[in-house]
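Lifted from Swiss-Prot, the feature list:
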type: DOMAIN; residues: 48-123; note: domain 'Rho RNA-BD'
type: BINDING; residues: G169, K170, G171, Q172, R173, G174, K181, A182, G183, K184, T185, M186, R212; note: ATP binding site
Amino acid sequence: MNLTELKKMPVPNLVALAQSMDIEGVGRSRKQDLIFAILKAQAKKGEDIYGDGVLEILSDGFGFLRSADASYLAGPDDIYVSPSQIRRFALRTGDTISGKIRPPKDGERYFALLKVNDINFDRPENAKSKILFENFTPLFAQKRLTLEIGNGSTEDITARTIDLVAPIGKGQRGLIVSPPKAGKTMMLQNIAQSIGHNHPDCYLIVLLIDERPEEVTEMARSVRGEVISSTFDEPATRHVQVAEMVIEKAKRLVEHKRDVVILLDSITRLARAYNTVVPSSGKVLTGGVDANALQRPKRFFGAARNVEEGGSLTILATALVDTGSRMDDVIYEEFKGTGNMEIHMDRRIAEKRIFPAININRSGTRREELLMGQAELQKMWILRKILHPMDELAAMEFLHDKLKATKTNDEFFSSMKG
């Protein structure tokens, strides 16, 4: 029996399962207590129980396997991992571990890990010889992440516009710069759907920091991938802990030569959370940002890279501007030159209800010639030459109308020739 499967079951099903196993007094129990009772009954029968999670090592040397469904929040159903197991398998925070577990004995509060079956979806003996993420050689993105699905839907127009204006590669470090209400969250959702559809081999994580709860639900229902969130009613320490767990997990997967994509909404809110958490250094920049506060969010964003030894970590993060807060502008200025791809969104275009509201002239990818063939590059440069003299609103409107008339970008380029 698997602990993770039990967590996903609705409460009425758990109650029915408990009653079928003749467990008494389950009528008005909490979901947690139900799972405990079921697993204890299973263990008494001598059956094996399995569980999995992402390891968080605490300062005392032991660790816990946190659940992605609970956005890595500490809970009573976490699985205890002993210091001897951590040393034996050279485990680090962020390792995804699955294995055999046992229920708590008298006086214990947590399930404990008995035997490790998998580390980062790989055999445990393979995990010991991995190169550390910090020792990898970073390169420019070279393999393209094509977003176009080619079904002619309105959502696909966003993906096709990004493919034309600022193509994304595996290992890209991209910034989506947007004023409020310009459609940045919808754009991230479209990107997530495209990656889930076109690149199922990529491990997709959507990280929502300081967002509205209903947007988290909508994202979780529409995206094929892991949606991790810390809503605006959570404390800043929680935002920071979630972000640290996600980036550590991503690094461990890249060490196993996986391609990981993180979509972060938004890096501004994450930087604000770090600003609240970091101890005061006495040096304060404009807008109330502590001089040391941006070090850790920069480390998060800077982890995105294409790795020569195999694997890649792509991070696309949204940055807020024109919010009326001086702090947000300072945070954006600090991150401005750090990415190798930028998409600028324009409120004026969004107010005219043209989506995606992209300012084409200001958006682009560095070294885009590595991502595409010479013929496609020439076509894109010709398109930019046509759009450049226009006002940004007229340029986006022109491109939007042309894309709406065709199903794919190849078709669009053919129609341009004619």
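Placed from the backbone N, Cα and C atoms, the Cβ positions cover glycine too.
With DSSP states grouped into helix (H, G, I), strand (E, B) and coil, the domain 'Rho RNA-BD' (48-123) comes out at 6 helix, 33 strand, 37 coil.
Around the Cβ of T185 (ATP binding site), a 10 Å sphere holds 19 further Cβ atoms from the protein chains shown. For the domain 'Rho RNA-BD' (48-123), the predicted model reports an average pLDDT of 92. Cβ contacts within 10 Å of G171 (ATP binding site), excluding its own Cβ and spanning all protein chains shown: 26.
Reduced to three states, the DSSP call for T185 (ATP binding site) is helix. If you count neighbouring Cβ atoms within 10 Å for each of the binding-site residues G169, G183, the highest count belongs to G169.
With the fewest other Cβ atoms inside 10 Å of its Cβ, the least crowded of the binding-site residues R173, K181, R212 in this structure is K181. In the three-state DSSP scheme, G169 (ATP binding site) falls into the strand class.
Among G169, K170, G171, Q172, R173, G174, K181, A182, G183, K184, T185, M186, R212, the residues given in the record as binding ATP, the maximal Cα to Cα distance rounds to 29 Å.
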